[in-house]
Structures are given as structure tokens and as C-alpha cells.
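Record features, source TrEMBL:
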TRANSMEM  A:6-28  transmembrane segment
TRANSMEM  A:60-83  transmembrane segment
TRANSMEM  A:95-115  transmembrane segment
TRANSMEM  A:135-157  transmembrane segment
TRANSMEM  A:183-209  transmembrane segment
TRANSMEM  A:215-232  transmembrane segment
TRANSMEM  A:239-259  transmembrane segment
TRANSMEM  A:265-285  transmembrane segment
Amino acid sequence: MELFIHQVLAGLATGGIYACIALAIVMIYQAIHHLNLAQGEMAMFSTFVAWQLIEWGMPYWAAFVLTLVLSFAAGVAIERIVFRPLHNAPVLSHIVVFIALFSIFNSAAGFIWDFTIKSFPSPFGSQPLFEGAPVSAHDTGMFGVTFVLLILLFLFFRFTRVGLAMRAAAVNPESARLVGIRVGWMVALGWGMAAAIGAVAGMLIAPVVFLEPNMMLSILLYGFAGAVVGGLTSPAGAVVGGFIVGVVENLAGSFIPYIGQELKLTIALALIVAVLMVRPSGLFGSRLVSRV
Amino acid sequence: MPSTLAARFKSLRQIPAKPREVPLSWSRIALIAGLVLAVTLPFVVKNFVIFQLTMVLIYAIAILGLNMLTGFNGQFSLGHSAFYAIGAYTTAILMEIYGFDFYLTIPVAALICFAFGFLFGLPALRLEAIYLALATFALAAATPQILKSTPLSPWTGGVQGIYVLKPDPPFGLPVNSDQWLYFLTLGIGLVLAVIARNLIDSRSGRAIIAIRDNPIAARAMGVDIALYKTLVFGVSALYAGIAGSLSAVVVQFVAPDSFTFVLAIALFVGLVIGGVGSIPGAVIGGLFLVFVPNFAEEISKGLAGAVYGAILILVIYAMPSGAAGLVRMLVAKLAGRSR
């Protein structure tokens, strides 16, 4: 039983990472209705920028804020420069461009900062939260930041004009344009926000998994899993989904004999498919109903 | 309000049910020229280039399968590397452990992949586009882990993989084994392409396309959507499996890390570059997959990935609907001018 509780807590700690990235995935999905395969690599690149700023002697929080601003600007720029000319192209072509961005960011990061593993500072410290606690101060800080971010985003989308305009532009671009919303810029704003959220996630994750160009590969996959389990239309669902995936992965690894450890990823992914069988829009997602 | 998901994928539905007819004489000339080129090339280039060309054809077969699923039936898959892997491992295991003849393993691999594809198509029925893309992506991500796992390792050889011997050319044909495998792949590919075209042009093909364009209308016309969707999934997996089976002997080695999600994504890229809903486009996709990464590496070793990504973006700018879309557009322009 003690092992069980310990494993659940450890699962929650890794689940926090997945929840972070799942949240970023869902936010961009809400804003642009695309699943951005390059999201993880963009976050990784932002984290490298922050690392570089800190290396140059900038204090942590100054580097944090500057990275957010830079990531936001880069996100807007990518939308304006790369995707604007393609807005009439088939959706499958968009996915190929995501793949291209993935390849570019990954290769460029490896070229500029090479593939050696770097440690990234934590603003909360890596000591245990209290004597003998299974979660560290950093894990707790990560939960805290994720929750604050979630609440801020909720307030933004629910109660501000820009938030409402962004939702309208995502759900029904034609009608949104007719009521005077500049849909193109709303999408660009969504990209900027997603890049900034990704940067936060990257900077929170980096102290745990260490910084290197491939750090996001498996995390992104688990993040997708979390987002899908929770439902792509629900930010809170994505966070819960991320925690569920983390806990299931950990429990499967320690309690299923023989294959559990080797097939952790497979079991976590089988979980997604199982959830989707029962609830095709995720646990907390809303079903889209279309009129014919 | 229209379903937003449906609205997102409207662009996919705008692919004409039958591509605008390229004037028959021209398409026939292009086909014959292509075939003549395909038959003469292996006698004038080095063995390594023959190997590369064989890989082009193998990828083309897999892309063709993916095209049946995505291009004609509107179901997404980012997981075809899994079926490709099953095909490759079936051939490798049957040949090296059970001593089967290579040629016998191809139909076995095809049947096994059809069964797996059909079974995976059943849960896929319930999933909307983007969720299906993720579920198949999960399949691709899990494949290497499953292949490496201890319970399967007596057959799969675990991380080590399996070495496979190339078959010698039969009947004392005056070609070396690379050339023979090339012609074998070319022959199988042509047969599969003809089958694909005939299937798409048939009554079943029209049902398959109708499901892509408007599932509700298709159901109202009496099309059994569940049956067709799962069957297409099976056929698509069968194509990928045959491609995998051929790749096992051509590469002479199968290992779990050759079949990661990178392969699945590569096949998807090939599909889009070649042209969604175009059968000849598959060859263009195969050419892209084999030669462009090499080209990118020649330009810059350190930044090969970035160069590849940039080329990919430029290609999508130049032809947003793939090579087939470009050809269709040019033909439409030329036809318009001559009138």
C-alpha cells in the first residue's frame, strides 16, 4: 500500500509535466483548431533561449519574462510568415508544414547549442518539499504555475473582448469576420499565446528532464495523450488527463509484472484508445453536433 | 452551425471525386516514358542507386496504400509504419526462423497485415478525424517498444533485430540480385497500382469516395459505411505490409528502430507531396522520401534537418496540393489556353 501511494505521488509529479504540455496543446487547438506537431520543439527552442540568456548573466525571472516576450513574437511571426500564405491550402499540407517546422527547430537547436545535456535552473529549488516528501519543491511549484496559468487563461477567454473574439474566430471564422473580428490576427495571436505557454511549460520541465534538443519527443506524445484523454475542447480536462496519464504510466511500470516496465508507453497509449472507444471526444470534451 | 471539425476538413473534401481528366494521349505517353525509364535505369546505374530506386518503389507502394485510406476514403493515419513493420517482421521471421521461401512470405505478410488493418479499423470507426490521427500516431509510437519487448524477443530478436538473406534471381536470369529485387518490386508495384485504380473506378470505389465526401448522403444511398471503412483500412494496411515485406529483403535487416513514428510521418509527407488522391503521385512521394534527405545532408551536415524542413515548406508553397495537384493545374491552364 505504501508503495502504491508512493507510486501515485511520483506519477502525479511526472503527470504535472504532461499536464503542462497538454494545456499548451489544448490552448493552441482552441485558438487555431490545429494540433501543432511542432509545439514541443518550439517550447524546447524557447527553453534554450532562456538558458542562453541566463548563461549571459541575466537573472532568472528577467530571462523568464524576456523569453515569454520573444516566444510570443516568434509565434506571431511564424503564423504571419509561414502560414498566412497557405491559409487556403488543404489541411494535410498544413500538417506537413508542422512537420517541417519540427525538423527545422530540432536541427537548428542541435546546431546552435549542440546535443550535450544541459541542466536548467529551477526557481523553486530541487530539494524535497518537506523532510521525506516524495515530491520536490520544484514539482509543487510546477503544479502551482500550471494552475495559475489555467485560471488566467480561463478568465482571459471567458471575460475579455479579445478572448471572446479569439474563440469566435476559431469556432466560426466566416461569421466572426462578418461581425468585424480580424480573424487573421486572432489566429496569429493564438499562435503567439501558444508559443508563450509552450515556453513556460518548457522552462518548468527542463529542470526535471534536463535540456537537450530531443527532450520534448516523448513528453509531447504523453502530452497529446493527456489532451486526448481529457478532451481537446477542455483546458481543465487536459490538465486532469495529463495527471491521469502520468499516474497510469507509473502504476503500470511498477505493478504489471514482466511487461509493465518495458511497455509503459504502450500501456499509456492503449489507455487513450480505450478512453476514446467509450468517449470519442475525451473525458471532459464536448461533442460536436452538426446540422445536415 | 456547421460542425467545426467538418469545416476544418472541408478542404480535404474538395478534392474532385475524379481528378480532372488529363488528356488521355498525354497521360499515356507519360506512362510509357516512365515505364521505359524505369526498365532501363537499373542497367545504367550503380548497385547502390538501384537499391535507392528499389526503396523509392517500396515507399511508393506504402504511400499508395495510405492514399487509398486518406486520399480516397478520408480516414487519417499517422501510423502506417506499424503495418509496414508487421509486413517486414513477418517476412523476416518466416524466412530466418521457419525457413520459408521469400516469395511465399509476401502473400502471408499481406494477409496478416490485412487482418491487423481490418481489426484496427473497427475502433477507428468511432473516431473523428483528429482523434483518429492521434490514435494511429499512438500505434506508430508504440510499435518499436512492442517489437523490443521480452515476450516477443524469441521471434523478433529484440533490439538486435533479424538479418535477412537476399534471394538470388531465379531461372538463371542475366541480372544481379539488386536488379532482380528492383524488377520484382517494380512488377508488384505495377500490379498493385492497377488493382488500386480498378478498385477506385469500380462500384466499391465510388462508395469509398462517397464516404469521404459525405458520409450521411452515402449512408442514405445504402452504402454500408462501417464495412467499407474497415475494409479500406485492411486493404491500406495490406499495401503497407507488402511494402514492408519487400523492404525486409532489400535492406537485408529488420530492427525495431527502423519502424518508429518517423517512418509513419515520412509516409504521410510522401502522400501529401505526391498528391492526395493521386495514384501516380505515390512515385513522386517515394522519390522525395529517398532523395531529398540525402540532398539536404549534402548541403549541410549539421543543419540537414533544417534544410529538409525548409525544402518541405518551399515545396508546399509551390504546390499546396502536391505534385498531382500541380500537374492538374498546369493541364487545366494549358487546356484553357488552347481553346
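In case you wondered, yes, glycine gets a Cβ from its N, Cα and C as well.
Listed stretches A:6-28, A:95-115, A:183-209 were compared with the transmembrane segment (A:135-157); the greatest number of C-beta pairs under 8 angstroms is found for A:6-28. Contact between the transmembrane segment (A:60-83) and the transmembrane segment (A:183-209) is supported by 3 or more Cβ pairs under 8 Å, counting only residues 6 or more apart in sequence. Taking residue pairs at least 6 apart in sequence, the transmembrane segment (A:6-28) and the transmembrane segment (A:239-259) share three or more C-beta contacts under 8 angstroms. Using a Cβ-Cβ cut-off under 8 Å and counting only residues 6 or more beyond its ends in the same chain, the transmembrane segment (A:6-28) has close neighbours at 34-36, 39-40, 43, 134-136, 139, 142-143, 146, 149-150, 153, 190-191, 193-194, 197-198, 200-201, 204-205, 208-209, 216, 219-220, 222-227, 230, 232-235, 237-251, 254-255. Beyond its flanks by at least six residues, the transmembrane segment (A:95-115) meets 34, 36-38, 40-42, 44-45, 48, 51-52, 78, 82-83, 86, 212-214 of its own chain at Cβ-Cβ distances under 8 Å.
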